[in-house]
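According to TrEMBL, the features are:
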| type | residues | note |
| --- | --- | --- |
| ACT_SITE | A:C19 | active site, nucleophile |
| BINDING | A:C254, A:C400, A:C456, A:C459 | [4Fe-4S] cluster binding site |
| BINDING | A:S301, A:D363, A:D364 | Mg(2+) binding site |
| DOMAIN | A:19-237 | domain 'Glutamine amidotransferase type-2' |
There are 4 protein chains.
Amino acid sequence: MNMTHPFLDVDGDKLREECGIFGVIGAKEAAAITAAGLHSLQHRGQEAVGITSFSGAEFHSHRGIGHVAQVFRQKEVDTLPGSMASGHVRYATTGGSGLRNVQPLFADLADGGFSIAHNGNISNAMTLKRDLVSKGSIFQSTSDTEVIIHLVATSRYPTLVDRFVDALRMVEGAYSLICMTTEGMIACRDPLGIRPLVMGRIGDAIVFASETVALDIVGADFVRTIEPGEMVQVDHKGTISSHRPFGNPSPRPCIFEHVYFSRPDSVMDGLSVYQVRKQIGVELAKESFADADVVIPVPDSGVPAAIGYAQESGIPFELGIIRSHYVGRTFIQPGDAARHADVKRKHNANRAVVEGKRIILIDDSIVRGTTSKKIVEMMRDAGAAEVHMRIASPPTEHSCFYGVDTPERSKLLAATMDTEAMADFIKADSLAFVSIDGLYRAVGESERKKSCPQFCDACFSGEYPTKLTDFSDRFPELDAA
Amino acid sequence: MNMTHPFLDVDGDKLREECGIFGVIGAKEAAAITAAGLHSLQHRGQEAVGITSFSGAEFHSHRGIGHVAQVFRQKEVDTLPGSMASGHVRYATTGGSGLRNVQPLFADLADGGFSIAHNGNISNAMTLKRDLVSKGSIFQSTSDTEVIIHLVATSRYPTLVDRFVDALRMVEGAYSLICMTTEGMIACRDPLGIRPLVMGRIGDAIVFASETVALDIVGADFVRTIEPGEMVQVDHKGTISSHRPFGNPSPRPCIFEHVYFSRPDSVMDGLSVYQVRKQIGVELAKESFADADVVIPVPDSGVPAAIGYAQESGIPFELGIIRSHYVGRTFIQPGDAARHADVKRKHNANRAVVEGKRIILIDDSIVRGTTSKKIVEMMRDAGAAEVHMRIASPPTEHSCFYGVDTPERSKLLAATMDTEAMADFIKADSLAFVSIDGLYRAVGESERKKSCPQFCDACFSGEYPTKLTDFSDRFPELDAA
Amino acid sequence: MNMTHPFLDVDGDKLREECGIFGVIGAKEAAAITAAGLHSLQHRGQEAVGITSFSGAEFHSHRGIGHVAQVFRQKEVDTLPGSMASGHVRYATTGGSGLRNVQPLFADLADGGFSIAHNGNISNAMTLKRDLVSKGSIFQSTSDTEVIIHLVATSRYPTLVDRFVDALRMVEGAYSLICMTTEGMIACRDPLGIRPLVMGRIGDAIVFASETVALDIVGADFVRTIEPGEMVQVDHKGTISSHRPFGNPSPRPCIFEHVYFSRPDSVMDGLSVYQVRKQIGVELAKESFADADVVIPVPDSGVPAAIGYAQESGIPFELGIIRSHYVGRTFIQPGDAARHADVKRKHNANRAVVEGKRIILIDDSIVRGTTSKKIVEMMRDAGAAEVHMRIASPPTEHSCFYGVDTPERSKLLAATMDTEAMADFIKADSLAFVSIDGLYRAVGESERKKSCPQFCDACFSGEYPTKLTDFSDRFPELDAA
Amino acid sequence: MNMTHPFLDVDGDKLREECGIFGVIGAKEAAAITAAGLHSLQHRGQEAVGITSFSGAEFHSHRGIGHVAQVFRQKEVDTLPGSMASGHVRYATTGGSGLRNVQPLFADLADGGFSIAHNGNISNAMTLKRDLVSKGSIFQSTSDTEVIIHLVATSRYPTLVDRFVDALRMVEGAYSLICMTTEGMIACRDPLGIRPLVMGRIGDAIVFASETVALDIVGADFVRTIEPGEMVQVDHKGTISSHRPFGNPSPRPCIFEHVYFSRPDSVMDGLSVYQVRKQIGVELAKESFADADVVIPVPDSGVPAAIGYAQESGIPFELGIIRSHYVGRTFIQPGDAARHADVKRKHNANRAVVEGKRIILIDDSIVRGTTSKKIVEMMRDAGAAEVHMRIASPPTEHSCFYGVDTPERSKLLAATMDTEAMADFIKADSLAFVSIDGLYRAVGESERKKSCPQFCDACFSGEYPTKLTDFSDRFPELDAA
């Protein structure tokens, strides 16, 4: 446990801040519903999970390292009584130290308990923390989210909600939040709505979640999307009120949620994620046809685009790569005897549909390029005659500072090579990415509006929609942002 | 721990004997290779795993409850030195008692150590055990496999191999075995070859495994299938010898391996499992076309047949059901609020491709019918206009006594209803199964030979190819077998 | 985990605040030395233990529930590099919540890391906490010690040491503290010196500990006792400076450390604890002789007084009660069959020296009286002809608010009965306590000075030497203090 | 796990076979009573413990590594229903492999379940095992006790009891056994009665235990000692029958049980262990007086003899060494800074009674001599003027093959040096052992009968009372036995 470690480390763990959040108020067994909801959001954060509940007088909490189904068995859920609960799934480092960062975070404030679950990343957290510590605040975690709690605790405004708004006006970056006080639940989304948040209803209970799939799994009806910059309060009687404390800036929701991050059965800002991905495949087939025998997805994320590509092109869709359901992360690496065993444990060639064929391989994105290279090689080892790689997103040239795990720029293949060089690197016969306008067409826009893009697409365009105070000295090119 | 529990319990755990086995001789890091191989066979048994290695003078063993990647981390593999190793994945009950049944089983015989890993089920084990115990043998597990060890230990034949053959001549049922002695490895398959077993090679090392996918993952080349009734010995110098101690009965390999049990990227008796399943979909489309808008697989096992059905019928293939990667088995069940949460945690409707559509739903089999019923209901809840269920196997009317987990007959839906009644039960607009001859066509036969079927298809036909001594009194209808 | 639980609970866990502290600066393997030192202080707190070390740039910490030898094995000690370390043993509740209270507590202050280990109890902690929270401080533990950290963090004085003195001037009660900053170690004792603290030396390294036995075990030479109200600073070069920030009040060290709490092989304020206890036995024999056959100690704490009593009276000393070395705290209680098994598991009568004898039974104190009653009964069951109980301390009539675990007054037998009634209650033939002046004689004083007692003897006299702000409303009789 | 390891290893773990056994039949909560009884026998084996119960139809078992209080909490006891139970405490190696050796051992024989708990050591176990394995018996543990089970299983006698007697007639060495069958409990002691066994009664229930202290702790009345060579059967109705299947050889109970092994509050063959030890101190004082200031015991085992020595000599008894209650076995060893920390963690000098004094140090025995050497040095470091060591047993010159943990001869100090050389080695001013006749006087004999000693005193005399088949080739000097 390294207690003086700075909590923002661009090169290290900090950017692994993909998260999922869920909350419910007004329901029997609120913690059990939250566990089920988080289970459906497990793809957003697989390393740690926590749930906090409120039973009328007291807050209760349990947090752990692992999957939802491991950390929350019946006996743990039974320790979390009450009709209001919220939870969080995240990446986290292992061990005791890591547990301190597992959300929801909780504090006993002067007005009573305050719990917070956060999806996103605050881009001036380090700067704010330095100031708070100099005035006597003592931090217990290395999470950027803790900054919000201390800003609330030290705010001079009269009510807890006023202090919360006061705190949020000081932070920059991306955040969807689900908070709990003794009065009820507060859900809010940053002014640009970079990270998603939806509202649903089960009977009299109100539910908030990162994605609609979490509403499906708990049997809730979809009510509406929380608007960018909106703050929704629900009290224990079920009264709902909505506020817009940040005015009305133009929204910039993250387009990468559609490309990769959300589950295909979710509906994001009114669009089916599955249909968007399939449509990207259609756009790809129009933009970058290849004469081939079969269309093969890299499972599972490449499957919808491959179906779209196959339908548009008329080339048959086949499962040429089989994905194992049992991928452990710290698996044994036998030495010389089994080359590429790490890739093969996850993906194995289905030689029967690859051998002798010209194949079109569909994947969602290329980050470092190492996996793509291994998969192309695996296809050739299985007898592929030609391998044409098609990518269902534009080249990923820039790091994300809003909560998606991307490595620093220098490790992004597309930041250092053009498409032709990338094709050589991964040893594909051809390589093409969907165009940025093709991507915008797939989400229902006629084109990307250059002056005012409809989405945050900074990972493709480098146009960051907020200030990045903590990172400005390291990334001089961001000063323009 | 109930130490006097009879070890053959038809209604209970005993039939959950699906297993995978793997062995390697002549390789550095034999245990690490075995762990990698077992990982690719994890679908054959997900509850317990064990590996035994031989380091020239001594045998070493580690066994545990859980997945391969959990039980065998680097530190456990490091306790298993030597150039020969074998392992086993299986279903098992939890706890200390269960651990005694985790294979490979090991015994110190008069000739030295003897290790055995078994896939299959011995149908006269209870009878043999009674006799052995009366003569002074003390059993430590409730596994049918232990019978073989005691038969070897008490045989009067002069050599260990002779005693092993003597033992196998006394057992009936299904078995593929990988055994280790101080002299080397012995792999063998029962006279009918009911369970599979293949041989491969990595450099000078010889590998045995239940499926070819395990050869792929360890970088081994496929050599050949072990023949039904064949016993292959490999010594530490790499000398290979083959024996046929049981004569030459007609083979009856399990056809259900093709339908459901094996991985689609395996090649079973010369046939690509994926292509067989896709071809079953083609046969289904020919036999039982339905006028519909989309073909939707129940993932993942229904996908190849759905691709085949879609290609043959010309109806588009779509992912109308999304499968979660994170299905924990002891998950929380929130009460009224979330009906069908157990099914939804595994499968969720993708409303965008279901709503308003007439759908053809493809699944691999119907056992109890409860899951099919819930999935049909899920499709209707998602707005399906019509639901036509098509099953990629004939009706499962009979229990398996050869190592596949099927419930007792009375719980098999097809044993108590005809197809029309089953359609009503699951509330489908129509229901059809592939015919038994359609299934045989998919595996490359022109038809099923009635007098002498080419496969064991007892679960569909009730024609058991061996005696079932232990079960004959409970199942009078088996007497004919 | 109940996060809103008030952290000062007179009737509950809070008073179980017996603790031991240890620190070393300037030594290789500082954490290993600290673990050894804490092991010898284990009798001062058996439920939880923590060590924090400083390796020049960073602080490292490990804490756990259990004994020192369980929590600090080689691998845990290896995670604590550096030449400065301090640690703490304490009572604690089990579970994750309890772990937050295990000391040393640590905070990242504006000047860098600050670690604190505390033996004692702050009697206005609740009052101070309320004020700190209202200004924005967020507490993470329910320990009174955390108040000191927040007082330091929010103090406006320029240097860390000034802020530390500023903080201590606000607290009342008993404390011996070992703190670490990046600059070095600070050891201090409250103005009255209620809890002990000594300084030793190993080579160039300086050691602080609650008792001299911890110096013995790490091979350190005793240097001197830290004076009441003294603050000693040691920097990384070994420079030692001493301060007296609180003036020079008359010391009032806890006399109960001599009677019961310290180890007999420790030297406390210049007096051998063993010799003091033996001398109490001598005083008891002079004050309360009984005509008997044997002197029997209640082991282990009654042994030295029994030796003194036997030597003074000439009656033979015998082990009439055998103490088990294996007393588990959550042991099984078989029902009717084994009455008093709980006492017998710890103490068993040695019938051979009890049967038919008139015995003098020596114990250190009577708290609730239930144990004494059972032991007298055990002696009679073993055939004792007469049982004369002699107690090596005055009657315990008052609760301790300075860190010794005593129950609330109403549960103290001596607070509700006179000596005769107590003798009846425990069914002894006679009962006598050493007089308060006899106790003072045993510690080398001619008598207790009424106007200004030389020790804190509040548990016997009710004269509390400090204010008790947090407790004044519940204990009106304390107002006089 | 080394599965081919020979199970009798003179130099290794095998001789660590000190054990305690306990059984009860006819009692409610039999397992809870057994846990309490084993707790009082914990000093006979501290590393592993097991209990087996019988609930009328089935046997239930739980075993674990650790102390009784750790392994048997309420929840484990609750898994052991029934009115008959027996248990065992022992030394054991850690890990999964070790668990197989934890007793009671259990087997399903043709007549039903058979459980066995064994204190002692069978000196022809290896020879018998070789023969059994050659006939087909498969061993699961490396315990000598398992030989008895296989002898029973393969015996041709008609009844289970006959087969049990048949088996015991084949074994040589020392054994006290508590067995359970579906019919009831069988307790027996080897023909010479080397290891102890007593019978007690609680109401209608019958109890068997290694020592009387276990009767005390469960509230049982002492009935009688089981005679050497006696076999006592108790059925579920409470009918007791006694048999003498081995004739009437002269008894040779282990004299070391009195010297060291038993608890002082036990009564062994009619003698109070405490009084015997005190009397040894008296004999020592008569035989080997030293002119000194204080008598100091090495706690705890030296205390009774020191009291006897002090009373006989008139020299004051003082606690000059304080023993810690918290001795962990795998404790940290800080390097140079803390010499002799390992001894100090267990024993610390009480300088106040040692400094400047001539001391007589009383210990129970000298084995390797290393501990004695360190303790003498500790006394000198604490200022002792003279150190006279007195040992409450004769020199330990020979290994024990009957279940007491002694190292091989070459490591026994007394096997390689005379008393004067030993005094030099441990750096004592003088050293004396009680004479063998002094020891016999302390147990109430006038002298040791040379032709036919009344006890097994082989560790002192080298006269082994049984054959030692397995050891004869390694110890040619034993051939005479």
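Glycine is treated like the rest: Cβ placed from N, Cα and C.
Features recorded in TrEMBL, as mapped to the structure shown.
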| residue | record | contacts (Cβ under 8 Å, 6+ apart) |
| --- | --- | --- |
| A:C19 | active site, nucleophile | A:R44, A:G45, A:H88, A:V89, A:R90, A:Y91, A:Q103, A:H118, A:N119, A:G120, A:S210, A:G403 |
| A:C254 | [4Fe-4S] cluster binding site | A:A174, A:I194, A:R195, A:P196, A:F261, A:Y402, A:V404, A:F455, A:C456 |
| A:S301 | Mg(2+) binding site | A:Y260, A:D363, A:D364 |
| A:C459 | [4Fe-4S] cluster binding site | A:F256, A:T396, A:E397, A:H398, A:S399, A:C400, A:V404, A:T406 |
Densest Cβ neighbourhood among A:C400, A:C456 (binding-site residues), 10 Å radius: A:C456
For the Mg(2+) site built from A:S301, A:D363, A:D364, further residues of that chain with CB within 8 A of the site's CB center: A:Y260, A:P297, A:V298, A:G302, A:A305, A:I362, A:S365, A:I391, A:A392
Where A:D363 (Mg(2+) binding site) sits in the secondary structure, as DSSP reduces it to three classes: strand
Mapped DSSP class for A:C459 ([4Fe-4S] cluster binding site), helix or strand or coil: helix
Residues close to [4Fe-4S] cluster site centre defined by A:C254, A:C400, A:C456, A:C459, Cβ within 8 Å: A:I194, A:I255, A:F256, A:Y402, A:V404, A:D457, A:A458
DSSP-derived structure type at A:C19 (active site, nucleophile), helix or strand or else coil: strand
Structural state of A:C254 ([4Fe-4S] cluster binding site), classified by DSSP into three states: strand
Where A:C400 ([4Fe-4S] cluster binding site) falls in three-state DSSP terms: coil
Cβ packing number for A:D364 (Mg(2+) binding site), 10 Å threshold: 22
Count of other CB atoms lying within 10 Å of the CB belonging to A:D363 (Mg(2+) binding site): 20
